[in-house]
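Accompanying notes for the structure given below.
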């Protein structure tokens, strides 16, 4: 084995001494760290006057049109003492006495003619009274269900501000019982059942119930309103007489309000239906919501569109929008929980459904 020549061997390094700097107490930071951290400002006091501008005087909020603003929520009218109701009850009782005396005299006369006629009249009277009792019980049950919906809504509003989880669970159970007849709420009921042992405060539990139970019902309610508005718009556009328009609009409104009440568990009878219709129209009369907003009217009839549309078609669109507004008011009254976790629908949400009817270039025309 041959050795490497001496001139090619590496020179050994001689020992040397080095001075080590003492480590600093804080670790070194990269040069860009100071740029990333915001500089803290020492607290100061300001003597400038702060003026709060009310919403009514705010120029950025004053320009909102009626359609962009939040529509008023329909609420049931307060029950007050009325002399008209008192007079109606008094004359109704008097008429009942008169009918009772007439029936008594009739049965007595039938017994004087023949016994079998008297017994037949008594049997018919018993059948009639039994049927009347069933009708009265159904009407009272319908009114009770409507009152229960409003009671649940008031309890939910109070518990959303201040309430315990146990009270909120009782409220959610009442809402489940009210809507269990609808197959759309099956998934929501299973979600709420799975969350029974979870720790949830009252407002969030009510919001969860609204999203899981009422969201599918709200979608169904929207479809009911859209279909009713379309039918009213088309019938108004093709009907030959204004009386036909009015009759069909009233028929469609009554059917829409009844379907809305049955959807949310109200299921009113005839008397309860009249009461619900009175609350709906009272809300629309007080708020002036039957008339559409300037922005929406300009969208439907403005920009030269009125000159290209027939008068009947314009009336059909307006009646369809009015039907949609009535449907929204009925939705507010029949819904067991107010719109908080979910967005409340507005008239603008139903405009796309009526757009084929107001578009002059549409094939529907």
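Quick reminder: no glycine exception, Cβ is built from N, Cα and C everywhere.
Here is what Swiss-Prot records for this protein:
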COMPBIAS  1-10  compositional bias 'Basic and acidic residues'
REGION    1-47  region 'Disordered'
TRANSMEM  83-103  transmembrane segment
TRANSMEM  117-137  transmembrane segment
Short question: which residues 6 or more past the ends of the transmembrane segment (83-103) have a Cβ under 8 Å from it?
125
What parts of the chain pack near the transmembrane segment (117-137), using Cβ distances under 8 Å and only residues at least 6 beyond its ends?
103, 106-108, 110-111
